[in-house]
Amino acid sequence: MSSYSQLFAQHLDTLQHRTRDILQQQGLSGLAIHSGQTHRIFLHDQDYPFKVNPHFKAWLPVLDNPHCWLLVDGVSKPVLLFYRPVDFWHKVAELPNAFWVDFFDIRFLTRPEQIADHLPASKQEWAYLGGHLEVAELLGLGQPNPEAVLNYLHYHRAYKTPYELECLREANRIGVRGHIAAKDSFMAGASEFEINLAYMKAVGQGANDAPYGNIVAINRNAAILHYTHLSALRVSDAERYSFLIDAGVDFHGYASDITRTWAWRRGEFADLIATLDSQQQEIIEEIKPGRRYSELHLQMHHKLARLLQSVELVDMSVDEMIHTGVTNVFFPHGLGHFLGLQVHDAGGFMQDERGTHLSAPEQFPYLRCTRVMEVGQVFTIEPGLYFIDSLLEPLRQSEQGKRVNWNKVEALRPFGGIRIEDNIVLHANGVENMTRQAGL
């Protein structure tokens, strides 16, 4: 057995244990996990790109095949119902032949409705996990997406198995190749569209494979947090200021989520990037088991406030900037989030396996994680500094606006903003920065 297969075997043991535990707690017999179905575009004869149920791909890296099922009870060998229709219009999924096949009892479906022949007699005692409740009802599965089951699975998903960590490392290694290619393309004068093509070629994945839409932003577009327009217009060297790329890849169903910002030429903006990069590394060093993620976010706002002071953008004390929300204008999003099967992975607000919810602090409503940081968790650390028109204008009209250096703000607006994002594993003996270790 290869070392990779050994990691996968341990991973399945963990999933089986979690399944046994929650089934016993809830008095259920098993889980019927649906890979999903395609969705037809309204008034069209084509479907939206298929996205697999994350609960399905937690068990195996089958990412592009709808109408598949897993039947798991935490004890027996998991049953995989693999969909292989007779179809001359579309590519049919290949016969499974990978490191994971020996761990499943694999059966084949040629029509979606054949799943009914494979369900247990006690299907009323089985929970359905998936996005098509009408299918669960039609099949007679008695427990569709039970909240207690989902809460338990989402909470424990924060603790990554060694197999999952290796998948995330590989997603970072591949993603870093793309980021280097994207930087080189920007420096060669390419458009956003061309840069994105260079990124996709380097990672070997298209838009439908990506864990999220690539953010490839030149100049002011970097001030749009989720900018995915991809302009095909080239910007002249004289009007070329900055480049922000936030892009990841998928490896066996696990996402990387990496951001870098580059300056076209030396100057104040390049210095800001270097300073924020140093602060990002400092805040990563503060990650310790037992600390709450929201405390780390607040600490980052203190660092950003000192940066705003040091470059004479804002003439206020650190505490006053934070208390009045001035730092939120320049850094409006959260410091980061859990990362794994989904780019914003589940469980970020859950304080226990029952799903007890702790919302983001009122002062920082866009923070995506309030958990206590523990060994085995993976999250992003992504501080930012932006010049966003819709946030700056209310500040200009406020009392605090009198203490902002608006001449400097206007000089920096054309650069859009900065974000620097790494993917971090928390170990008992420290942190592992998967992104930096991959060479970025």
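Every residue, even glycine, has its Cβ placed from backbone N, Cα and C.
Feature annotations, reproduced from Swiss-Prot:
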type    : residues               : note
BINDING : D246, D257, E421       : Mn(2+) 2 binding site
BINDING : D257, H337, E382, E421 : Mn(2+) 1 binding site
Original post:
Setting D257, H337, E382, E421 aside, what same-chain residues sit with their Cβ within 8 Å of the center of the Cβ atoms that define the Mn(2+) 1 site, listed in sequence order?
Top reply: D246, I258, T259, G336, L339, V343, F379, T380, I381, D422, N423
**OP:** Name, in the order they occur in the sequence, the residues of the same chain whose CB lies under 8 A from the CB of D257 (Mn(2+) 2 binding site) and which sit 6 or more residues away.
**Re:** P211, Y212, D246, G248, L339, V343, T380, E382, E421, N423
**OP:** Give the sequence-ordered set of same-chain residues, not counting D246, D257, E421, with Cβ within 8 Å of the centre of the Cβ atoms defining the Mn(2+) 2 site.
**Re:** I215, A247, G248, I258, T259, T380, E382, R419
Original post:
Across all protein chains in the structure, which of the binding-site residues D246, E382, E421 has the highest Cβ count within 10 Å?
Top reply: D246
Original post:
Going by DSSP, is E421 (Mn(2+) 2 binding site) part of a helix, a strand, or coil?
Top reply: strand
**OP:** Would you mind checking how many other C-beta atoms are within 10 angstroms of the C-beta on H337 (Mn(2+) 1 binding site)?
**Re:** 20
Subject >> Where D246 (Mn(2+) 2 binding site) falls in three-state DSSP terms >> reply: strand
